[in-house]
Structure formats: C-alpha cells, structure tokens
C-alpha cells in the first residue's frame with residue numbers, strides 16, 4: 001500500500017460509501033485546521049493522511065467482531081483510530097458507539113468538533129484513563145472492543161486497558177516494529193491470549209489482538 005494512497009483507493013480498499021468518504025474528508029480538513037494550533041498528529045504525516053492515518057485506523061475493523069456495539073478508544077488524541085472507526089461504524093454497524101478517552105482539554109475540543117460536524121456515533125470522556133477506570137461509568141461496564149494507538153509501551157498499555165475488559169472484550173492495539181520485544185516484556189507480568197496481525201500500512205508493524213488478559217500469579 002503506497003504512501004500516496006488516495007481517498008478513492010481508500011474507499012475501494014475498505015469498502016466505504018461516498019457518504020462515509022465525504023465525512024472522512026471533512027475529518028481530514030478539520031484535522032489540518034486544528035493542527036495549526038493543537039499538536040494532534042506529526043505535522044509531516046498530514047500529507048499522507050489516507051495511508052498513515054485513515055487506512056492505519058480502518059484496518060482495525062477487519063479484526064473486530066462485526067456485531068460489537070460498545071467501543072472504547074484510549075488516549076484518543078487526534079481521533080486515531082477512534083474517530084475514523086466511529087465514522088465508518090455509522091454505516092457498517094449503526095448500533096455501535098465509540099467512547100473516546102482523552103485528558104487534554106484542547107484535544108477533547110477537537111474530538112467534539114469532528115463529532116458535531118460528521119455526526120459520528122461517539123462520546124468524549126475528558127479524563128485520565130486511570131481515573132475513568134476507577135469510576136467505571138455504566139456505559140463502560142460492557143465494552144466489546146478496546147483500541148489504542150501510539151499510547152504507551154505494551155506492558156503499561158495492558159495495565160490501562162485491563163480494568164475495562166471482561167471475558168468477551170477484544171483489545172486491538174497498534175504496535176510498531178518493536179512489537180515482539182514489547183510482547184515478550186509484557187509476558188513477564190501479564191497472562192495474554194491472542195494473536196498478531198501484519199499491519200496494512202507497515203509490514204514490520206502489527207495489530208495485536210488480545211482476547212484475554214490477567215496478571216501473572218505469584
């Protein structure tokens with residue numbers, strides 16, 4: 001998949017309608033506008049939005065249960081992958097809802113602006129992940145899918161997402177070229193069940209699918 005991936009190529013690859021593509025284009029425009037005053041993504045990646053951000057986010061849907069309704073995106077930042085997924089889920093699974101967790105007030109302002117503009121089925125939780133996990137609101141007590149991208153080393157990330165998981169929850173997390181090292185380090189502290197999928201956007205990276213997580217006893 002080339003870095004010059006076009007909106008049309010994205011739509012064909014991920015089977016999205018013209019309406020959904022239009023909403024993603026609107027999201028791209030807002031990302032560029034807000035990036036001028038809020039650091040949402042790496043500035044050099046904006047020119048490669050459809051490859052580096054849209055496709056990198058959209059691939060998550062291939063590994064998630066098709067009937068998943070309650071989605072949780074940790075450390076949402078500029079809305080990746082959470083907002084891309086929410087916009088796509090509005091078409092592919094109308095009963096789904098994305099919960100975006102972000103502690104930075106300016107970034108939550110951006111997330112809410114995109115939701116208002118695109119009608120994405122999403123809610124923003126302005127809170128630290130640890131604090132939200134402690135409170136565990138009713139809406140997050142039956143999470144089907146947890147996502148996270150560029151948030152923390154895997155061992156730390158598992159500690160953040162574990163409180164939101166139940167036996168049927170699937171965690172789908174982006175990991176870069178050091179994914180195997182991070183996984184090995186995590187297995188010193190956590191009992192994990194899952195698999196690793198080659199990323200659509202980087203053959204050396206992986207989408208880690210974690211279906212069971214718990215601390216090692218002892």
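Heads up, the Cβ atoms here are built off N, Cα and C, so glycines get one too.
Within 10 Å of the C-beta of residue 80 (S-adenosyl-L-methionine binding site) there are 25 other C-beta atoms, taking all protein chains into account. Under the three-state DSSP scheme, residue 80 (S-adenosyl-L-methionine binding site) falls in the coil class. Under the heading S-adenosyl-L-methionine binding site, TrEMBL lists 75, 80, 129, 130, 149.
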Cβ neighbours of residue 149 (S-adenosyl-L-methionine binding site) where a neighbour is any other Cβ within 10 Å: 22
Residue 130 (S-adenosyl-L-methionine binding site), number of other Cβ atoms within 10 Å: 11
